[in-house]
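Here's the structure, in structure tokens; my notes come after.
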Amino acid sequence: MNIAIAGASGRMGRMLIEQVLNTEGVSLAGALDVPGSPALGQDAGLLLGRQTGVAISSDVEAVLAGADCLIDFTRPEGTLAHVAAAKKLGVKMVIGTTGFDEAGKAALAEAARSIGIVFAANFSVGVNATFKLLEVAARLLSTGYDIEVIEAHHRFKVDAPSGTALKMGEVIADALGRDLKTCAVYAREGHTGERNPNSIGFATVRGGDIVGDHTVMFAGIGERIEISHKSSSRQSYADGAVRAARFLADKPNGLFDMQDVLGLK
């Protein structure tokens, strides 16, 4: 399988390139970056100390021309432009970008009628196992427990709460038969009154180089259960993303998530 990487000069992009180079059965077909990036024209492996023979380019269609799949962990506006080009050229996509609004998510669903797309809040196998644990815990602790989601990321993350935190909230809300749009509480300040027992709270921390910490607290009277996942590097995300690309090899179209890739549905 020939894989192209978007955001090739970024932290996640470099790790994805390295993962592709180290994975049997796949090859690096292209490396994409934004116009004006100082990395344009450089070998995609330069920052890894390796030569790939693939130059970083800002020409989306040229990069996709030799690719079977594009892996994209960038920003919503860039990803949506890449989706349009991928749909035109019949190139599949693995999307780890977070922060989409409802219109953006609808655009991904529409594109998935024509091409295979894996769109997930988190590509870590451990995080996806955590989603299943939360589903079970929410059903067992459906009454008498207050639910709070606490997440922490590095200072450069631009969206909050994280896509993973929101997915955790969705998993819990679905297990409880609730709608996260109506039961989520994203901020508390001043005189808030008593906590609504049916709400799901979110707290966000941003600082330093935290890769990603997520904890869900089920707080009852006399006890508290906490389910946590902490990432020490982005390696698990890169591994999962390449695994997702290979999953798409025989999928002509459709919208999938990491639970599909791992056979957890």
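These residue numbers are counts, starting from 1, taken along the chain as shown.
Cβ coordinates are placed from backbone N, Cα and C, and glycine is handled just like the others.
The NAD(+) binding site annotation in Swiss-Prot covers GLY7, ALA8, SER9, GLY10, ARG11, MET12, ASP33, GLY96, THR97, THR98, ALA120, ALA121, ASN122, PHE123. According to Swiss-Prot, the feature active site, proton donor/acceptor maps to HIS153, an assignment based on sequence analysis. Among the features that Swiss-Prot reports, (S)-2,3,4,5-tetrahydrodipicolinate binding site is placed at HIS154, GLY163, THR164, with the record citing sequence analysis. What Swiss-Prot records for LYS157 is active site, proton donor.
According to its DSSP assignment, GLY163 ((S)-2,3,4,5-tetrahydrodipicolinate binding site) is helical. Here the candidates are the recorded positions HIS153, HIS154, LYS157, GLY163, THR164. The one whose C-alpha lies nearest to that of THR97 (NAD(+) binding site) is GLY163.
Of all the recorded positions in the list HIS153, LYS157, GLY163, THR164, the shortest Cα-Cα distance to SER9 (NAD(+) binding site) is found for LYS157.
Of the listed binding-site residues SER9, THR97, ASN122, THR164, the Cβ environment within 10 Å is emptiest of other Cβ atoms at SER9.
Apart from HIS154, GLY163, THR164, the (S)-2,3,4,5-tetrahydrodipicolinate site neighbourhood in this chain, defined by C-beta within 8 angstroms of the site C-beta centre, holds THR98, ALA121, ASN122, GLU151, HIS153, LYS157, ASP159, SER162, ALA165, GLY212. Sequence-distant neighbours of GLY163 ((S)-2,3,4,5-tetrahydrodipicolinate binding site): residues of the same chain at least 6 apart with a C-beta under 8 Å from its C-beta are THR98, GLY99, ALA121, ASN122. Cα to Cα, HIS154 ((S)-2,3,4,5-tetrahydrodipicolinate binding site) and ALA120 (NAD(+) binding site) are separated by 20 Å. In sequence order, ARG234 make up the list of same-chain residues 6 or more apart from ARG11 (NAD(+) binding site) whose Cβ falls under 8 Å from its Cβ. Spanning the residues GLY7, ALA8, SER9, GLY10, ARG11, MET12, ASP33, GLY96, THR97, THR98, ALA120, ALA121, ASN122, PHE123 that the record associates with binding NAD(+), the maximal Cα-Cα distance equals 22 Å.
Looking only at Cα atoms, ASP33 (NAD(+) binding site) sits nearest to LYS157 among the recorded positions HIS153, LYS157, THR164. In this structure, of the recorded positions ASP33, ALA120, HIS153, HIS154, LYS157, the smallest number of CB atoms within 10 A of the CB marks HIS154. Cα spacing between GLY7 (NAD(+) binding site) and LYS157 (active site, proton donor): 15 Å, rounded to the nearest whole number.
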